[in-house]
Amino acid sequence: WRGMFLSLVSRGAGGWSPQVTDRHPWLQLDLRDRIEVTAVATQGRYGGSDWVSGYLLLFSDTGRAWKQYRQEDGVGRFVGNVNADGVVHHKLSHSIRSRFLRFVPLDWNPSGWVGLRVEVYGCAYKSDVADFDGRSSLLYRFNQKSMSTVKDVISLRFKSRQAEGVLLHGEGQRGNYITLELHRARLALYLNLDDTRLRFSSGRVAVTLSSLLDDQHWHSVLIERFNKQVNLTVDTHTQHFRTKGEGDSLEVDYELSFGGIPLPGKPGTFLRKNFHGCMENLYYNGINIIDLAKRRKPQIYSGNVTFSCSEPQLVSTTFLSSSSSFLSLPATLSASGGFAVRFQFRTWNPDGLLLSTRLALEPQRLELQISNSRLRLTHHMSAQQKEEVSTGEGQQVNDGLWHSASLSSRGLQVTMTLDNEPSSTMELGDHMEAGDSLYFGGCPSLNVSGCENPTLAFQGCMRLFSINSQPMDLNLVHQGQLGDYKELQFDTCSIHDRCLPNFCEHGGQCSQSWSCFYCDCSGTGYTGATCHNSIYEASCEAYRLTGSSSGYFSIDPDGSGLLGPTQVYCNMTENKVWTVVTHNSTDPVRVQGSTLQNPYIMKFNYSASPEQLMALVSGSEQCQQEVMYSCRKSRLFNTRDGSPLSWWVDQGGERRTYWGGFLPGVQQCSCSLEENCMDMNYFCNCDADTDSWSNDTGVLSYKEHLPVSEIVIGDTNRTGSEALYRIGPLRCYGDKSVWNAASFYQESSYLHFPTLQAELSADISFYFKTSAPSGVFLENVGLKDFIRVELSSPFAVTFSFDVGNGPVVLAIKSHVPLNDRQWHYVRAERSVKEASLQVDQLPLRFLEAPSEGHLRLRLNSQLFVGGTAARQRGFLGCIRTLTINGVTFNLEERAKMTPGVSAGCPGHCSGSSSLCHNSGRCIEKNSGYVCDCSQSAYGGPSCKEGVSVSFNRESSVTYTFQEPFSVMQNRSFQASSVYRGNSRARESMAFIFMTTQSPAMLLTVSTFSQQYIAVILARNGRDTSRIITVGFNPLNSQACSVVHILMSTFLVVYIVDTMDEEVMQAGSKGFIGCLSSVQFNHMAPLKAALLNRASSLVSVRGHLVESNCGALADSTIFHSQSGEECRIGRGPLRNASQSNYAVIGGVVSAVVFISLCVVVVMTRFLYQHRQTRRDASIKEKEHRTNLETAYRREAAYRAEPAYRTEFRLHDSHSSTLNDNREYYI
């Protein structure tokens, strides 16, 4: 390119400076012809203190109808000078093709005045132009009957006077068509290849791009097609898509039309408006269409097309402020009385005042406004009395399009009209005459005119003002010769589409106002200002850490990445947390009649996409998939040459011939690995080719090949030959990212990664623990931009960045130190809308981004983790689970090769106090931890899942302990040589129960010496459940402790030497209901009994059914009240203190048992007979029916709440002995 130098003055002295009285100064340049401008430069006035520090750049072809130039991020403000002599250059990100330029100063030297010298750089611009009047078109006729192409390139530039119009159209007899048109000021491309089904249907789908294309300024269009792949570019925005149709070529018959469709009655065409405006540089596959038309070539027909662009004088005005903008115009007299006002407007705002006028009969006034996106006319008759009419609900006017509004009065009626819609009429009580002035867009700040802004002033553009059929000249207003105004911008419409490009991610719907945009994330599975953050966890392991139990969950393997969420089953009942993904064929399938030439093929469709499956597998520690394969006279491999007769296909589409857990590439089955094939001459059982059924079932565990996407079986066509297979679901465990950590032990050390790709959005999350007072967690810098997260003090985490608008700093201060060697969670996010910072559960800190400013974070250095490039303020401690934009960084792998950094981080258990629950013990692992629930009544990965059993009348569980225990002592034992000292021993029991029966025996504890503890439910009732704690005071030969649980229910605890009649009666009834999470001291007898039924210590009587009543109980006891303690006697609890607990009287002799079974069997034997059994059987059915009803309806009306009961027995003379106990439930 060649430079063009344009200077207003010589380099020696001078410069431009407006008068001090100029309210809105600007400097306009006439380049004499349209020039392609590529750069501008500014300088202050020579030898003075006058310069411009910020300005806008506008351009125009005619010197009217200006358009503001916006840089790549949509920023309109240019940074100017800081002194009078320096030169500031700006290279334009996209060139301007225009004749006129206007520099509008925004800021200047506060100690001086506006001073400016400018230079403009560019080159000459030539074009071929055609003008279309809305009824004309250009026809390009082919040399042959039809034109068939597999590649097309169409380019043009246009500027339009209206929002509708056909730019290009062509079609073929076989259903091919291409149409490019303006629709609602957006460009729509319809393209179809060889699909006659769509030709005559109304279901044509358009690809739309850009907006506000009716602004009377030039826009460029480029269409590139190769086969079905299409690129559509409008100005700087490009959309890639794949067209519909069966073929790869576009076949167009006879001709292409530009500017309109000359024969609208032709079959299969649209009835659309022709284009009204100008086109230039129109090329079809390298052919200059306008040049051919200008030279009157025979293949071009130009009907009513001229070759110069007419420029209409449509002058617009921009209302800049939603609080103070207004335009006042005088109300001219009407010869016929009344008044008539007409104007056009466009806006994004749903509310704003359009017109207000005081009527001759004060205090009446008339207001025309936008309210909830509709046009509304209000007649204010007094302060309390008004009348309103509105347009229909479907007529929304805040869509950014030009709308025409008119208001007129005739007689006793006022009529409001919007565009070409039916008018709305309001009846008046008297003749109406407008006041002296009409106020458009808002009201003056001083309410001297009777004008009041109802809510907000208007923000948008207006044009074509007409009052009583007289057009208003806004140039006179601008020059101060007509009316008045404030906060207006003349000769331009500065409306800007903030949803282009669409910054809402993951399919979020963008909407906007004049100053900002909003994202509707409904139904996307994401949240946040730009729908960036997934609402789901990344893995089942992450759900486990939140305390969830087994069930179906939606996981998002790449977090805020491009992949969406998918539903999986998380199995958290084992030591490992398994992620289960199902497919479409989980039942066994029988195969017959297949050959190698015509094989049986089954493709598996999983509940997740291939990309989601790949992310899940790669992020898991291990994956596996069971293949159940049975055969009869059906081989897997050919016995002659070893070629496969059946195989499966992996996730990448590769054929695999190993079966059941063997190494990839080896054509063998599991039986060969285990050396137990039925015929050792073969590597698979099926290859023995016997008449009887054989089995080659195995587990595929080479995760890089999983899941199985297809199975092919090819040897079932012989007589008696068949195969039976079943491919199990994909099962993966572990999340490699959760515990991926690095330890930094030198301040100068760091890990470095490639440059952070986070121009428009970045979410950074990690855990850290440290004892250092400060340190940088991560940093990435560019030429000027940067992003940094650091521990700035022992009590504060800071997130800072700069995208070109100046540094932004967010800090969260904690009331407790963060360098306490405990794990702390940090999440920092930055988007074009806002920035936020979260630390643990502290209040979120966020800051909105400026509406006019740079958007892109431009970085060019490496990403430093744990330090900085300057090797200063490095972090000392551990960082784990570093995830940025859904990608987890492998800190351990990079740490292995970095001095001063080690892979992993010890002390996971010590770094958090809430990993294992209910007395579960946290055990360190190389990467993470596991919970040991052996001494807890609960199970599951976090010891939070209760072990529950449903009992009927005939069922019971007895568990005998054989280990040292702190026990109740026999009264005849006065002194113990084993026990010394004054420490107090304690027995404790806890359980959850649910029943509809009373009285009911819940459990007993007994010894060989016939002492026992019995817990029975004495009476039944309904009320809110509570957590009960029972303590035992000193007892004589026989006593009891009574706990008042409900208003009408008593839980009675007996500690006696001989059977009480009430206990024996309860024992005769047994127990019908559910028990869960039974704990005795540090043992869990019910859990142990279920897991070890074959043990000699376990005795199970009757039928037991595992239940989930413990989960139901959790929802009930959540509202319980704890801390209630027991006093002796049958009265309500009075908050007796634990200091009043005493020793169980007497001394228990050597051997103590916990045996409920024996006691209950004895009592039932003494008090039962046949009739009572018969009656009890009837009652049992009723109770069990009631119990089922309680389970199902418990959440609805809390009919039979669950109770968590804890008992603690204190003994000051206890000893620890090797005793046998029985525990009966």
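Positions of Cβ are set from backbone N, Cα and C atoms, glycine also.
Curation plays no part in TrEMBL annotations; they are all automatic predictions.
Remember, it's a predicted structure, so these values are computed and weren't measured experimentally.
If you look up TrEMBL, you'll see C878-C905 marked as disulfide bond. Around C905 (disulfide bond), a 10 Å sphere centred on its CB holds 25 further CB atoms from the protein chains shown.
Taken from TrEMBL, the feature domain 'F5/8 type C' applies to 1-123. Each residue of the domain 'F5/8 type C' (1-123) gets a DSSP state, and the totals for helix, strand and coil are 0 helix, 61 strand, 62 coil.
Residues or ranges marked as domain 'Laminin G' by TrEMBL: 129-309 (among others).
The domain 'Laminin G' annotation in TrEMBL covers 316-493 (among others).
Sequence-remote contacts of a segment are chain residues at least 6 beyond its ends whose Cβ falls under 8 Å from one of its Cβ atoms, and for the domain 'EGF-like' (495-532) they are 70, 74, 210-212, 237, 318, 322, 346-350, 400, 459-461, 554, 556, 560, 564-565, 760-761, 763, 829, 831-834, 851. The feature domain 'EGF-like' is assigned by TrEMBL to 495-532 (among others).
Confidence in the domain 'Fibrinogen C-terminal' (531-583), given as mean pLDDT, stands at 88. Residues or ranges marked as domain 'Fibrinogen C-terminal' by TrEMBL: 531-583.
If you look up TrEMBL, you'll see 740-905 (among others) marked as domain 'Laminin G'.
Under the heading domain 'EGF-like', TrEMBL lists 906-944 (among others).
Annotated transmembrane segment per TrEMBL: 1141-1167, in sequence order.
The local packing around C878 (disulfide bond), expressed as other Cβ atoms within 10 Å of its Cβ over all shown chains, amounts to 25.
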